[in-house]
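Here Swiss-Prot flags 1-19 as signal peptide. Taken from Swiss-Prot, the feature disulfide bond applies to CYS111-CYS122, CYS365-CYS526, CYS522-CYS537. Sequence annotations record features per position, and here Swiss-Prot assigns domain 'Peptidase S53' to 199-563. Marked as N-linked glycosylation site by Swiss-Prot: ASN210, ASN222, ASN286, ASN313, ASN443. Annotation comment: Swiss-Prot describes GLU272, ASP276, SER475 as active site, charge relay system. Annotation comment: Swiss-Prot describes ASP517, VAL518, GLY539, GLY541, ASP543 as Ca(2+) binding site.
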Amino acid sequence: MGLQACLLGLFALILSGKCSYSPEPDQRRTLPPGWVSLGRADPEEELSLTFALRQQNVERLSELVQAVSDPSSPQYGKYLTLENVADLVRPSPLTLRTVQKWLLAAGARKCHSVITQDFLTCWLSIRQAELLLPGAEFHHYVGGPTETHVVRSPHPYQLPQALAPHVDFVGGLHRFPPTSSLRQRPEPQVTGTVGLHLGVTPSVIRKRYNLTSQDVGSGTSNNSQACAQFLEQYFHDSDLAQFMRLFGGNFAHQASVARVVGQQGRGRAGIEASLDVQYLMSAGANISTWVYSSPGRHEGQEPFLQWLMLLSNESALPHVHTVSYGDDEDSLSSAYIQRVNTELMKAAARGLTLLFASGDSGAGCWSVSGRHQFRPTFPASSPYVTTVGGTSFQEPFLITNEIVDYISGGGFSNVFPRPSYQEEAVTKFLSSSPHLPPSSYFNASGRAYPDVAALSDGYWVVSNRVPIPWVSGTSASTPVFGGILSLINEHRILSGRPPLGFLNPRLYQQHGAGLFDVTRGCHESCLDEEVEGQGFCSGPGWDPVTGWGTPNFPALLKTLLNP
């Protein structure tokens, strides 16, 4: 009886709206371009909400990531298990008890957690959700390239002040699914003699980055790689098989994925999903490949959060993950960004190599108080991921040196300070670059990205059984670099060494060894009189357009094989 009275009292406090606070006051709630409101949602309709519970020992987790990722540390390569991570960050008993009582009082019944117990996903009716989260008002929206339907609130939500120490944020209210940034460029005109290639294929990738027909997985090691797909993006096995028939004849490969985690729909294949799978499996050839499919098919789901929760619920995971997802930093609440950054830190502690596309808007641009500034993207700006930029061939039809792909995302975070591992490289760039934009356009003390790059221009992809040319974007360069790292992991595992894990501390210590330095070109930015559409420019060593450069496989293997 005492517990029931306590719960009723807590729920009464919630309903009154007294002593409440907003966990995400800075979350942007303007409707993204391409989305349309369809009006209020039915009060009896059900939706799922994800509650991010406050974790413990995050600072200690950060220290452990540094220890297991730094080659000079005696702990290098001694990664944590999922169970180790869970023991470290699991919310306190008080947090678990308080949140569970609160949800029970609100009528939430269908809830499930993850092994780390720091996420809780519950199904509620719209009526219950609006009572639970005062201020929220759920509407239907449709948008995106596949006419996706979502339920979101255009208004901020409140939580009882008593929950402030226990809940970071509630997912499924504000953030819209990201749209694909892939571009299909016009076919360049061939002039003069016939070129050596008519678009980027696996054979072009392998020739440029010095991969021989023998540089494939053994098929016997405990090695695997993965890509993640969102927003109703699916691949088809038949497309993968046709792609390998067309372009995989000169190297051993696998023609099907080993495992799909999540929901793999039966709709039309998406170009981005097809690209991710086909080039991860041709660069990292003959290596077991997983696909994480988090399409966000239910209207209340946030696909990226779903993927993070899948990582927190699997003990045995692929060693390399490539992700072509990103949002503008300024479009996300600080609570959301900081918590997602902790999730990426958890993955790094477990020895996972996470590669994120740097984006396809150059330095980006937005207006702050009437003045233009560059616009960094997240998670590309996280200090716990390896971010991949994009390049083009200097001569479009010749396998030659690379230059900047002008769309390649890059810049400096407005949220995360510069990590110590890149202090020397970034300081050198800022002090020596002859073409720096005005200092008012970027945060010179922020985490700088990308870290590396690969070709991002003019790919061939098979989608819905149709070969499609001239697909471009860092969504292409990211799986290519990921596949090459998987080949290096293959050698490390077969020689009794741990996989590479979080790569950045080692990458910056080696000052670009094993990479082709890209020194020509600039990327795009604000179209104004001051910068005239030009962002940062590449140069010798690290730069915020192509990072340390593109992979030279034999040299990179030699550099990363030991210890």
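Including glycine, each Cβ sits where the backbone N, Cα and C put it.
In sequence order, GLY512, THR519, SER538, PRO540, TRP542, THR546, TRP548, GLY549 are the residues of the same chain, not among ASP517, VAL518, GLY539, GLY541, ASP543, whose CB sits within 8 A of the CB centroid for the Ca(2+) site. Under the DSSP three-state reduction, ASP517 (Ca(2+) binding site) is assigned to coil, being neither helix nor strand.
According to DSSP, GLU272 (active site, charge relay system) is assigned to a helical segment. Within 10 Å of the C-beta of ASP276 (active site, charge relay system) there are 29 other C-beta atoms, taking all protein chains into account.
According to its DSSP assignment, CYS122 (disulfide bond) is in a strand. You'll find the Cα of CYS365 (disulfide bond) roughly 27 Å from the Cα of ASP276 (active site, charge relay system). Once Cβ contacts within 10 Å are tallied over all protein chains shown, the disulfide-bonded residues CYS111, CYS122 are led by CYS122. Annotation: VAL518 carries the greatest number of neighbouring Cβ atoms among the recorded positions CYS365, VAL518, CYS522, CYS537 [cut-off 10 Å, Cβ to Cβ]. Residue pair ASN286 (N-linked glycosylation site) / ASP276 (active site, charge relay system) shows a Cα separation of 15 Å. If you count neighbouring Cβ atoms within 10 Å for each of the recorded positions GLU272, ASP517, the highest count belongs to GLU272.
Taking CA atoms as the reference points, CYS122 (disulfide bond) and SER475 (active site, charge relay system) are 32 Å apart.
When pLDDT values are averaged over the domain 'Peptidase S53' (199-563), the model yields 94. Under a cutoff of 8 A between CB atoms, and with a sequence separation of 6+ in the same chain, the neighbours of GLY541 (Ca(2+) binding site) are ALA425, LYS428, PHE429, HIS511, GLY512, ASP517, TRP548.
A coil conformation is recorded for ASN286 (N-linked glycosylation site) in the three-state DSSP classification, outside any helix or strand.
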